[in-house]
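Student: For 58, 59, 108, 136, 139, 265, 266, the entry in Swiss-Prot reads carbamoyl phosphate binding site, with the evidence type sequence analysis. Residues or ranges marked as L-aspartate binding site in Swiss-Prot: 86, 169, 224.
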């Protein structure tokens, strides 16, 4: 079963079967990423634009690579170097791109709901590459794929997410996705960065002591402290955060012996994670980056109607 939609705006409203379809397709895409000749004609004639209103290295680059590996015409566009800087509004920008024949827009925006606004006003496909605090669905999908690769299944796993939960669109998408797949999601962070009421209603368990959340975990995911989104009163200091919530090898021992360590990046070394732990065999952070290209290839394939055209390779 393919995706029953033309756009990917979030995982909250995505069916479990759709997530499974994407994860299954990603296995084939990863084989393509890892081989010497990566170029395919699958999306020849398909045009996509990466429209980013916020800085990005991993997400934008991986979408660009994903499109190029499948043969799509891919263009990167930053808000600061476009008519947006002259005051053009979002819908007008989208309509301009659509008038040029663009088939798909990948968009990152600081305001929650911006991708949905665009999707409601355009006929081309939209992929949400992160909107405010709301969602970052492709990051959660690549996280789930990475976990599934190592653990075989997501069902019944205890997944602990630690850090700046309040400002994290990655955490929100992971909660929606992982709980749909049957995982037990635990959250840990300072009280100022973890609203128990909101996240409990989403299906996660909340802890203020990181040690309690780490106990017997199958997967540990650290999140970046988003200093650009915070007021100065939310954390006493980064040193204090590292002391209470930073993950080091001693704390990591509270998780299961075969526990995995994930981080969406970029990492503030010595704050969220120690370099020693990040460089250990527990870490699958580099694998997440590889899988990010593969998961985005799978999404482009599905949203372009690629499954109607036969085999990938």
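The backbone N, Cα and C atoms fix where each Cβ goes, and this holds for glycine too.
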Student: As a test of the contact definition, list every same-chain residue at least 6 positions from residue 108 (carbamoyl phosphate binding site) whose Cβ is closer than 8 Å to its Cβ.
Tutor: 51, 52, 53, 54, 56, 59, 60, 129, 130, 131
Student: Who sits close to residue 169 (L-aspartate binding site): which same-chain residues at least 6 apart have their Cβ under 8 Å from its Cβ?
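Tutor: Result: 130, 131, 132, 133, 134, 135, 136, 139.
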Student: Could you state the whole-number distance in Å separating the C-alpha atoms of residue 265 (carbamoyl phosphate binding site) and residue 224 (L-aspartate binding site)?
Tutor: 7
Student: Have a look at the binding-site residues (58, 136, 224) and report the one with the fewest Cβ neighbours inside 10 Å.
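Tutor: It is 58 that, of the binding-site residues 58, 136, 224, has the fewest other Cβ atoms within 10 Å.
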Student: Quick check: with 58, 59, 108, 136, 139, 265, 266 left out, which same-chain residues have Cβ atoms within 8 Å of the centroid of the carbamoyl phosphate site Cβ atoms?
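Tutor: These residues sit around the carbamoyl phosphate site: 56, 57, 129, 130, 170, 264, 292.
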Student: If one measures from the C-alpha of residue 58 (carbamoyl phosphate binding site) to the C-alpha of residue 224 (L-aspartate binding site), what distance in angstrom results, rounded to a whole number?
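Tutor: Pair distance, Cα basis, whole Å: 14 Å.
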Student: Got a sec? Which of these binding-site residues, 265, 266, has the most Cβ atoms within 10 Å?
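Tutor: Answer by Cβ density within 10 Å: 265.
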Student: Taking 10 A as the limit, how many CB atoms besides its own sit near the CB of residue 139 (carbamoyl phosphate binding site)?
Tutor: 25
Student: Where the record says 58, 59, 108, 136, 139, 265, 266 bind carbamoyl phosphate, what is the longest distance in Å from one Cα to another among those residues?
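Tutor: Those residues reach a largest Cα separation of 16 Å.
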Student: Return one of helix, strand or coil for residue 108 (carbamoyl phosphate binding site), based on DSSP.
Tutor: strand
Student: Any idea what DSSP makes of residue 59 (carbamoyl phosphate binding site), helix, strand or coil?
Tutor: helix
Student: Could you tally the C-beta atoms, other than its own, that fall within 10 angstroms of the C-beta of residue 59 (carbamoyl phosphate binding site)?
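Tutor: The Cβ of residue 59 (carbamoyl phosphate binding site) has 23 Cβ neighbours within 10 Å.
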Student: Residue 224 (L-aspartate binding site) to residue 266 (carbamoyl phosphate binding site): how many Å between their Cα atoms?
Tutor: 7
